[in-house]
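Visitor: So that we are looking at the same thing, I have put the structure below in structure tokens.
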Amino acid sequence: MNLDNAKCFKQRVFIGNLTSEHLNKTVTIAGWVKRIKKLGELNFVIVGDKTNTIQVTCKNKEQVKYLTREDLVIVKGKLKRLDSVRFEITNPTITLFAKSKTPPLIIEDKTDALEEVRLRYRYLDLRRPVMQKRLALRHKVTLAVRNWLDQMGFIEVETPTLTKSTPEGARDFLVPARIREHSFYALPQSPQIYKQLLMVGGTEKYFQIAHVYRDEDSRKDRQPEHTQIDLEVAFYTKEMVMDLIQRLFVDVFRQVLNIKLKKPFPVLKFAEAFNRFGSDKPDLRYGFELEDCTDLFQDSPNQFTNLINAGGIVGGIQLPNLYLDEVSFKALRKLAKDNGVSLEFYSDKASSLKQPLDLPLAGTILLVAHKSKTQAWTALGAIRNELKYHLNLVKPNQYSFCWIVDFPLYEFDEKEQKWVSAHNMFSNPQPQWLVNFENHKAEALSEQYDLVLNGFELGSGSIRIHDPEVQTRLMQSLGVDPQQFGFVMEAYQYGAPVHAGMGLGLDRLMMIINNVDNIREVMAFPKNAQGIEMHTNAPDQVDIKDITTIWSKHPVK
């Protein structure tokens, strides 16, 4: 590095940090050329860094003669007022620091680039001011969480990322281990086991901003690699954990976003949430609760008669004084079909029913019917969730938290035709079910609690099992050999405290805060919808030599 560069770097000011104190003084900035405009003898160069953009007004055309978009420049000149709000730099010396090829996308807040192009050239996409703001906001939220938990007496502990593959949950990402023949590490789906062992070890208050890995299909709110705010505490009840998490979010939202959250967060039982909203993660920013409309079709022959006579149910959502256009109804009908039901509607203007309905309110009623209430209510819940986009029911910066409790301990897997753990097999049964939970799988409840924000599950937690006898019974009831978790069972025999915890999705939280529709928008280098990292093309094939030498002394047969 030459001395001139070193001097410039020390003098450099971020564009966003320029204030009236710099007026009429010589300032130095560094950034990328965004646009070049010519007006008579004047040349206007718009230069931007991660904080803002500024106009550089130049009379010397030789200085801008060879500049193009995204060239990296260092500008030194006088700071002047452009108007009552903005500044400009005049009489500049412009130094070309690094030449840029023609960029494959428009590097502005609004870009017409397809997502695949943005991900392929993510380093360019990250220059967009909106992306830099998202990264900065993520940093502030993470820092606020760390500081708050530190004040509450938590310590941050890093747990292993090369660990043991265990049953339950999604598929593991496996890593071959050279040190032991035909053996694999697994990347953790959660720090679950280690944080429980930390409680046995006397840590009492643990947290970690943890990277976790799940080999599952990507969705708008899922990635194979993501980050969670993970914590665990000893000698806490469910209510104490819920109060702790509520206070954490109230403080973080106040400090980072200057938003005062309503408290206490509403608490809904799992069954209540499903009956009212058709979901265990309801969006409480608007109403439109689900209703049993079977009685409306009891007295006269109609298209639901046979189903009702066979014990089926008709469910509905009333939209007082609201009407859906054809495009919206078509989209909702497809959503219903994807959920295994048909969607009908009736309003005082139009109807897909074969007979009129006597409704007390003007507006629209959406209807589905099915022999199974679970199927009908699940479909209606999905429709209700989609309505907010078609009817503009919510406003930006509107946040509605709620807790869901009294979850089932088990759920029946229709595909596998067996009972599985509804959350994870370390969740404690509620006290009234401790004696015989394995004999009442359809009724037994767990001490699980989920935090929901704006219709997304933000995090899930529970009181953990700390009694080795209860843990053995639960595992055996799921067909899991307790010896697969012998290291946990052994630890429980050395005075394990009552403990509880939670994992909160940081990426999902930032998606909601930034009001974007998928978590790829708030991650620096996400995978695409197919799980591919576009710039490096990972996952990729490796040299066969690298594979064969892993177990060279013990080749795979």
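Using N, Cα and C of the backbone, Cβ positions are placed for all residues, glycine too.
Remember, it's a predicted structure, so these values are computed and weren't measured experimentally.
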Visitor: Glu181, Glu239, Glu457, Glu469: which one does Swiss-Prot list with Arg214, Asp215, Glu216, Gln223, Gly505, Leu506, Asp507, Arg508 for the ATP site?
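Guide: Candidate listed by Swiss-Prot for the same site: Glu457.
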Visitor: Do you know which of 128-131, 192-195, 496-499 Swiss-Prot annotates as region 'Aspartate'?
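Guide: Among 128-131, 192-195, 496-499, the range Swiss-Prot annotates as region 'Aspartate' is 192-195.
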Visitor: Give me the Cα-Cα distance between Glu216 (ATP binding site) and His423 (L-aspartate binding site), rounded to a whole Å.
Guide: 17
Visitor: Roughly how many angstrom lie between the C-alpha atoms of Leu506 (ATP binding site) and Arg214 (L-aspartate binding site)?
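Guide: Answer for this pair: 15 Å between alpha carbons.
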Visitor: Could you give the residue numbers and ranges of same-chain residues that sit at least 6 residues beyond the region 'Aspartate' (192-195) on either side and whose C-beta is under 8 angstroms from one of its C-beta atoms?
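Guide: That would be 159-160, 163, 166, 206, 208, 230-232, 424, 426, 485, 487-488, 501.
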Visitor: So of all those binding-site residues, Arg214, His423, Arg464, which one's Cα sits nearest to Glu457 (ATP binding site)?
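Guide: Checking each of Arg214, His423, Arg464 against Glu457 (ATP binding site), the shortest Cα distance is to His423.
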Visitor: If one measures from the C-alpha of Arg508 (ATP binding site) to the C-alpha of Arg464 (L-aspartate binding site), what distance in angstrom results, rounded to a whole number?
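Guide: If we compare the Cα positions of Arg508 (ATP binding site) and Arg464 (L-aspartate binding site), the gap is 24 Å.
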Visitor: As a quick check of your reading of DSSP, tell me how many residues in the region 'Aspartate' (192-195) are helical, how many are strand and how many are coil.
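Guide: The region 'Aspartate' (192-195) comes out at 4 helix, 0 strand, 0 coil.
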Visitor: Could you tell me which of these binding-site residues, Glu216, Glu457, has the fewest other Cβ atoms within 10 Å of its Cβ?
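Guide: If we count Cβ atoms within 10 Å for the binding-site residues Glu216, Glu457, the smallest count is at Glu216.
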